[in-house]
């Protein structure tokens with residue numbers, strides 16, 4: 001049986017921290033579905049389509065990584081992909097409590113789908129999409145935080161916002 005994982009997130013925008021988890025997951029699992037969600041509790045900077053495009057660009061050298069949008073319950077999406085795992089990145093202990101609640105709920109919904117936590121590389125432990133957006137908004141240097149294509153997309157996005 002193939003090992004198939006779903007790596008969910010809003011990826012608004014994708015950072016080197018996200019990419020670290022995706023690349024490492026691609027070494028462990030036969031197939032990884034990066035599931036881009038539209039979180040209604042967050043106001044995204046990039047549309048789902050833009051986030052998918054950026055993710056596809058930065059993962060194009062990973063043949064076993066697929067990027068798609070999803071809505072609804074994560075376990076339903078995982079089942080639709082015949083996934084037996086959910087892959088989640090952890091930056092710090094503070095992430096764990098929230099992730100544990102989500103994992104426990106997912107186990108109630110489908111006990112056959114396991115959740116795997118991967119600690120992000122220590123150089124990205126502080127990194128979040130929110131921090132990246134805040135630094136980019138004020139023209140700070142984000143070149144060590146996101147891939148070049150994402151850096152350019154952020155510059156365009158904030159240039160157009162400033163022009164409005």
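The backbone N, Cα and C atoms fix where each Cβ goes, glycine too.
Among the candidates 97, 99, the residue that Swiss-Prot names alongside 10, 11, 18, 89, 90, 91, 124, 125, 126, 127, 128, 129, 130 for the ATP site is 99. Neighbour density for residue 88 (substrate binding site): within 10 A of its CB lie 21 other CB atoms from the protein chains shown. Ranking the binding-site residues 74, 90, 125 by the number of CB atoms within 10 A of their own CB puts 74 at the top. When the binding-site residues 42, 74, 88 are compared by Cα distance to residue 18 (ATP binding site), the shortest distance belongs to 88.
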